[in-house]
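**Q** First the structure, then my questions, so here it is.
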Amino acid sequence: MQEKDASSQGFLPHFQHFATQAIHVGQDPEQWTSRAVVPPISLSTTFKQGAPGQHSGFEYSRSGNPTRNCLEKAVAALDGAKYCLAFASGLAATVTITHLLKAGDQIICMDDVYGGTNRYFRQVASEFGLKISFVDCSKIKLLEAAITPETKLVWIETPTNPTQKVIDIEGCAHIVHKHGDIILVVDNTFMSPYFQRPLALGADISMYSATKYMNGHSDVVMGLVSVNCESLHNRLRFLQNSLGAVPSPIDCYLCNRGLKTLHVRMEKHFKNGMAVAQFLESNPWVEKVIYPGLPSHPQHELVKRQCTGCTGMVTFYIKGTLQHAEIFLKNLKLFTLAESLGGFESLAELPAIMTHASVLKNDRDVLGISDTLIRLSVGLEDEEDLLEDLDQALKAAHPPSGSHS
């Protein structure tokens, strides 16, 4: 169920009880003998058994941990899912999901994805006999044309990283499931479950680099996977234990804490992201702004149909050359030049040289990841300070004629 939000600006209404669930699901003090209101960090690697083979829910911390259990329950609720599994990183989650397949199976991956996902599929998974096809899944007909009898998994991001194409999740799910037993995975890192719930739109798996918005404080590396299908959950739980790429209890504690302010943070990210996008769109030294929340985005109407809002991810092309982009980035004072995204602090980066350097240059050219494409992760600072910083950096990159740099 969803509740109405007068400030939704034409987007879907926010998911009902989101804040309450983020604060309370999986956190019941009654589960601890101490009645701790905040779930404690359970660092023990092993747990006492009452008799051989008789345990109270936990045996060995790789297989299950009380702190991780609290986090997984909370995320499942926020994703509108029955189950959630936590992993050591987003890529650890990706690797585990890929282990659902066998040699000879085909993966169809959105052509515009996180550079680490592209690298793993292209340079690692393909070496183990998996067939990888990169397709522009924003065009449903191209996706359907790429499906073969060997297709077992379709992997999409929406919005994509970094060019922010938006994919019709419901449309993809209809096509994918029409062709048989194919798993549809949506990397929901850019949106978080606060703004988008892929499972409700027909996806089989909703996954995250929890390093980003879910944790939100740039101090945890983690991955999360949410599912509704019991058999799929059982297979993934087996692989989670067998492959062993699980997060530490401390990281689980921190991410669980981050969830408590997710709803508040995402609203501020949306507000600041929109302000930055509008400012850049009106700036004469900006060639083009890509932000799904702007009416100028080619898939803005689709965004409003499947999302409750947008985040702080803003992509734009600065006018000029690589030199102009570098001068802009070097002159930023509030935005930090760094990779990653989704933290409380504002970041800026040059994907062609940083996060997407592992993507083949020809592919970058086709995707539009040029030397003048800049990706911003707009944080929670005061709006006027963010705009002032962008303004002075743009002026440094494009000084008025007659001035000296």
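The backbone N, Cα and C atoms fix where each Cβ goes, and this holds for glycine too.
What Swiss-Prot lists as substrate binding site is ARG62, TYR114, ARG119, GLU339. For LYS212, the entry in Swiss-Prot reads N6-(pyridoxal phosphate)lysine.
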**Q** Return the residues near ARG62 (substrate binding site) by Cβ distance under 8 Å, restricted to its own chain and a separation of at least 6 in sequence.
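**A** Correct list: ASN241, GLY244, VAL246.
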**Q** What is the one among the recorded positions ARG119, LYS212 whose Cβ has the most other Cβ atoms less than or equal to 10 Å away?
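**A** Answer returned by the neighbour count: LYS212.
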**Q** Between LYS212 (N6-(pyridoxal phosphate)lysine) and TYR114 (substrate binding site), how many Å separate their Cα atoms?
**A** 13
**Q** Kindly assign GLU339 (substrate binding site) to one of the three DSSP-derived states: helix, strand or coil.
**A** coil
**Q** Within a 10 Å radius of its Cβ, which of these binding-site residues (TYR114, GLU339) has the fewest neighbouring Cβ atoms?
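**A** Result for the binding-site residues TYR114, GLU339: minimum number of other Cβ atoms within 10 Å at GLU339.
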